[in-house]
Structures are given as structure tokens and as C-alpha cells.
């Protein structure tokens, strides 16, 4: 038997292997990995803040072996807990830059208390300070103190990526997110701050919060008496809904709801708002009610021995038990008392019949 070709074998292995998880496919950026390592280091400092050397004479140990607070023993305890056993990238980053962390811990911590700024921004140069972006850590639009005027997100903020442009929050627009979009008005604006507040729902544009401050009315609203008021679409000469629907007005819009199943056309919800009733129903006390065809003066079921049963909007005709359904009548197939009727094929005359 011939063995499969190497190319075919490789393809087979690819098909059998499970696809990589989505999270693994989105590889973390160098800045994110550095930030995560610093966050874990800072947490390690918190976790070891109240510890000491663990001996019986803490005062002697601190005097003779230097304080635990800034000791290499504490540094070792912190670094040992930084990476999970299967976190290869964390272990790789720590192994590559463990010397930097040791130097900061033993000699530079007092002069550079912000580990992220010293380690990720100044030393490894994989991140930027907040409010700056890109390879050269330039200030975001609007300045690094309040990027995008505080009303948006700076592209690449805090990283060595992005272009510094602003993605504005809802209601804001412009290069630095200082202008208001349609549906919002400027309620505060000075050299440093811009606040956009939502217009009244009746306004497309406005200069203030009420329906009298509209520059233009929104769709479904119209100017009336100096204010934007709701248009009642349901009162139009040509109804906006179908023949088997009724219209419900809403602020700036309308809804089409289905008529009751007993109606032929309607003006509202339920059988009490029918224009006319469907066959099998009639108006009673102002609403469409079922007609009991079986209780009428004329028999609804006309065949001999036939029973009538009323149903919603109709009726059914059924032969009683012991009777056979034929085209013209219900024929008895079993006499009272369980005897076979004379019309049945299995009937045989008794002595009394002879």
C-alpha cells in the first residue's frame, strides 16, 4: 500500500486540527502586553504591602537585612506571581526585561513612581502617555489634557498606534468634537469645554430644550402657534392603514393594528369597534357577537334525525350516536336497547317480526 504524499498528509492534518480560538487570533499589541504586566506588578505590590520577612524577630530583620518594603525578597515574591503557568507571552516579556524591573525596584522607584510611564512609555517605548498617540507620542486633537474636548475618543490614545483623530460621542461632531449634531443644542461652550444637550423630540434642530426652541421640526411634527406639535396621521383624509387595520397615533408617528377577527373594517381595538361583522356574527349591544344558528326559527340542519351544534361564527350538523350518515338523512343502525335496526345489512327478523 502506498503512503500518502506529504502535501496530502499536511492538508489532512490541517482539516483534523481544531481551528484556533478567536481570542488567540487577535494577538495583543506590545503596549497591551506591557500594560498588563505592569498592572499585575502593581497588584503584587498591593498584595505584599503588609508582609514582612516571616521570621520571629521582625525588628531585627528590618534593621539587619534592610526593610522588606524595598527588599529583593519582596521583588521576587511579586515577580513569581506575575505570569500564569501557560501564559507564554507574559513569561517571555518578563524574562526579556526582568533586569529593567529589578533596576526600577532597587534604584529608580522613588524618582519614577509611575511604573507604567517609566517602563512601557520611556524605557520600552511600546506605549504613549494618556492623551498622546503614534510612534512619536504626539498630542491628540484637542490637546493631551482633554483629548477631543472630553467628548470623544482619540484614535491610538495611549499607544504607539492610531492617527490621533477623534471619534465623537453621541451628539457631538467636528475635528475636536466641540460642535453639536442635529437634534442637540449647545448648552455650554467656552475655551475648554463644550456641552451638547438633546433637543425636544419634536425638533430636528434647536437652540434650546423646549418645542418652542426648534429651528426645524422633526418628521411627524409641524409648526403650529410657534411650536412644533405632533401630526395626527390617523386623522388624515386618506387613512394610512389597511382595510383590516385601525390607526393609533403616536408622538411623531403612528401604528397600524389588526382589527378583531369578528370585524369587517374597524375603528379601534376589539369587537366593539367593528364597522361591520363577518358572516356568522351580528351586532349586539354595540359589538359583534356570534350568531347561534342552531337556535333560529328555521332549522339549520335539515336532514332527518340530524343534530345541530353551534360553533364560533358557524355551526355543524352531526348524526347522533347509533345513526349512520347518508346524503339525505341520519339512518338508525342500532335500535334502542342494543338491538340491530331493520335497515342494517346484518339485521335478521325475530320471532315477533315473523
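Each residue, glycine too, has its Cβ placed from N, Cα and C.
As annotated by TrEMBL, disulfide bond applies to 168-177.
Residues annotated as domain 'EGF-like' in TrEMBL: 136-178 (among others).
Summarised as a single figure, the pLDDT of the domain 'EGF-like' (290-331) averages 91. Taken from TrEMBL, the feature domain 'EGF-like' applies to 290-331 (among others).
The feature region 'Disordered' is assigned by TrEMBL to 334-354.
Taken from TrEMBL, the feature signal peptide applies to 1-24.
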Review point. Which has the fewest other Cβ atoms within 10 Å: 168, 177, the disulfide-bonded residues listed?
Key: 168
Check your understanding: What are the DSSP helix, strand and coil residue counts for the domain 'EGF-like' (290-331)?
Key -> 3 helix, 18 strand, 21 coil
